[in-house]
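What follows is a single structure, written as structure tokens, with notes after it.
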Amino acid sequence: MSYLLIVMGVTAFVVLLFVNVPYGRHTSSTFGFPIRARVAWFIQELPALLVPLWLLLFSSPGRIAYLPNQVLIAMYLCHYVHRTLIYPFLIRGGKPTPFIPFALAFVFCTYNGYLQTRHLSHFAMFLFLLLHTGFILWLAGMIINVHSDQVLRNLRKPGETGYRIPRGGLFEYVSGANFTGEILEWTGFAIAAWSLESAAFAVFTFLVLSSRASQHHRYFQFLLFYYYHTYLNFTCLLSGTNLVIDI
């Protein structure tokens, strides 16, 4: 199952070299009927909570009595409690999500929720030094991720449309601070868990989110060029000079 998750990540990475992720600013009716953003986020992330809870309650988790296993499961659940029960209801407006990316996210959350929780609750054993190091990285990543989401939500006032370039926090250094935070989060989780299953999750996250971050960076570059070009044209028009830009 872990190798399949890595294959899924590589496949997604290759596809995203040619196709923008079809939701948010890149949403498209080509990929299925639209689902409201809040509803889509809540439902697609829900299996990442329900599947682990089902495994913990109705299977025989032989390793759950050990503190490191409990900590790792709590780290995983903490992320998805936020993603499922908090984040969707903080979305302001948001473009609808087409059905196909919604369905793929639902399948991933189901598959990965089973993979991670099954390993952590039934088989995993840990090195405490790696657990501590990974936990610190995971916590830093989650803080960056949550803060970056807040920055993005506050870009527009209620009723406003259009896109703005985010500022503040890690956005001062990278275009996709929210993606960077989540990549760091699951890298820390993989170090703490030190297993093929968690490594596969981290690799999948890196491949998919780095592709999305690259798409966002190119979009922000376009915005900067467009507005800079428009400003220079307007300035030159007022001054009676001609504008020539060599790209």
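Cβ coordinates come from backbone N, Cα and C, glycine included.
The feature domain '3-oxo-5-alpha-steroid 4-dehydrogenase C-terminal' is assigned by TrEMBL to 96-222.
The annotation transmembrane segment is assigned in TrEMBL to 40-59 (among others).
Look at TrEMBL and you will find 71-91 (among others) tagged as transmembrane segment.
If you look up TrEMBL, you'll see 97-114 (among others) marked as transmembrane segment. Through the fold, the transmembrane segment (97-114) approaches residues 1, 5, 8, 21-23, 27-37, 40-41, 43-52, 55, 80, 201, 204 of its own chain, all at least 6 residues removed from its boundaries and within a Cβ separation under 8 Å.
Sequence annotations record features per position, and here TrEMBL assigns transmembrane segment to 126-146 (among others).
Cβ atoms under 8 Å from those of the transmembrane segment (189-210) belong to residues 1-3, 5-6, 8-10, 12-13, 16, 71-72, 75-76, 112, 115-116, 119-120, 124, 126-127, 130-135, 137-138, 176, 179, 182-183 of the same chain, restricted to positions at least 6 beyond its ends. What TrEMBL lists as transmembrane segment is 189-210 (among others).
For 222-245 (among others), the entry in TrEMBL reads transmembrane segment.
Sorting the domain '3-oxo-5-alpha-steroid 4-dehydrogenase C-terminal' (96-222) by DSSP state (H, G, I as helix; E, B as strand; all else coil) yields 98 helix, 2 strand, 27 coil.
Long-range Cβ contacts of the transmembrane segment (126-146) within its own chain (Cβ-Cβ under 8 Å, at least 6 residues beyond either end) map to 68-69, 71-72, 75, 78-79, 82, 169-170, 177-178, 180-194. Sequence-remote contacts of a segment are chain residues at least 6 beyond its ends whose Cβ falls under 8 Å from one of its Cβ atoms, and for the transmembrane segment (71-91) they are 37-39, 41-42, 45-46, 48-49, 52, 56, 64, 109, 113, 116-117, 120-121, 124, 126, 131, 135, 138, 142, 146, 149, 153, 185, 189, 192-193.
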